[in-house]
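Just below is one structure, and these are the notes that go with it.
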Amino acid sequence: MADKKNEDFVVRMPDNGTVEKEPFLARSPPARARTGSGGGFGDSFSLARVANNPPAAILAYCLSSISMTVVNKYVVSGSEWNLNFFYLAVQAIVCIIAILFCKQIGIITNLAPFDNVKAKKWFPVSLLLVGMIYTSTKALQFLSVPVYTIFKNLTIIAIAYGEVLWFGGSVSPLALVSFGLMVLSSVVAAWADIQSAIHGGSHPSEASTAISTLNAGYAWMGMNVFCSAAYLLGMRKVIHKMNFKDWDSMFYNNLLTIPVLIVCSLIAEDWSAANLARNFPIESRNALFIGMIYSGLGAIFISYCSAWCIRVTTSTTYSMVGALNKLPIAISGLVFFSAPVTFGSVSAIVIGFISGIVYAWAKARQSSQAKSALPTQQPVMSASSQSNKDASNS
């Protein structure tokens, strides 16, 4: 779960290579080791070449984010599914266990000991995270993956204007163009979805049910846009004061959300034997359990792959990859979940894809202009914070 991500919100980052880098990512071996004989040296050299290969990093990042979205959609797509808080609690528990295991065997070396004072200060951010991930799963439950992916772009607009209001940010004319395209793609997607619902059923009652489902999905999506922007802006404000390093924010986010999610599940969700049987039918029970466990590990994978991508490329390339990755995520919904393929839905995906490219281009130009000017402030977010944030979204 971590900061859930899979959603590629672009945050300003330095392009000069001074960002924090994940210490567990493999580095190129020294020249003396490369000249040695024996299979061990050859294997190490091959692994080092892969670890420093930009296409491999980009592919790993794309596959991890796509798989996270697909798995989340699969788990919450059951007709009787109503245990979202429980699902998110399992994600957080699996993620914490994975982090502690990686620390124990030495893969993660820079995780600070738990601090009660920091936990109290970070707890409000974790509450915002609960709101973001819960509304995200509810929206994904009622909407198709392409529509969900397209509407997530609206969060970028909310964050941009939140930065203008609270952090003195600015929005360039090119960014405004991308925002217009994002809104247009959302309108086209909603129109295509509604048309498909109206004409897709053989009986008026089916169309009415489909419209009600879409309305619920749009309502949850609107709340998710608000919660996502509040969480990311709140995290930006607090993270500098906390002096969190690579894995600290992921660790605290998951650890602090576990009790909240468990309490919410016990209070708000039905734990009767009959309801558990409806949520976990025998024919798909094992697959659901595997998906829930993978979703927790997926947060680690996305964080690792995004940090890897940042390390071997540039933040501009990383932002562009995030924009381009919207297309395969949307297509995955068409492939795996039989989302309606209509002229409207395809047009919405294409417009959303173009809006992401335009936005990434706008951020690249803004970053280039900032580098040519004298620095007046510190970068707002490190590579590790960016990677943890991406693990939020799927």
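Cβ coordinates come from backbone N, Cα and C, glycine included.
Membrane topology per Swiss-Prot: Ser79 and Arg365 sit on opposite sides, carrying different topological domain names. For the transmembrane segment (317-339), the partner stretch with the highest count of Cβ pairs under 8 angstroms, out of 56-76, 81-101, 122-144, 214-234, 288-308, is 56-76. In the predicted model, the topological domain 'Lumenal' (77-80) shows an average pLDDT of 83. The recorded stretches the transmembrane segment (288-308) and the transmembrane segment (150-167) do not share 3+ CB pairs below 8 A when only pairs 6 or more apart in sequence are counted, and are therefore not in contact. Proximity of the transmembrane segment (214-234) to the transmembrane segment (150-167) is established through 3 or more Cβ-Cβ distances under 8 Å for residue pairs spaced 6 or more apart. For the topological domain 'Lumenal' (145-149), the number of residues in each DSSP class (helix H, G, I; strand E, B; coil) is 5 helix, 0 strand, 0 coil.
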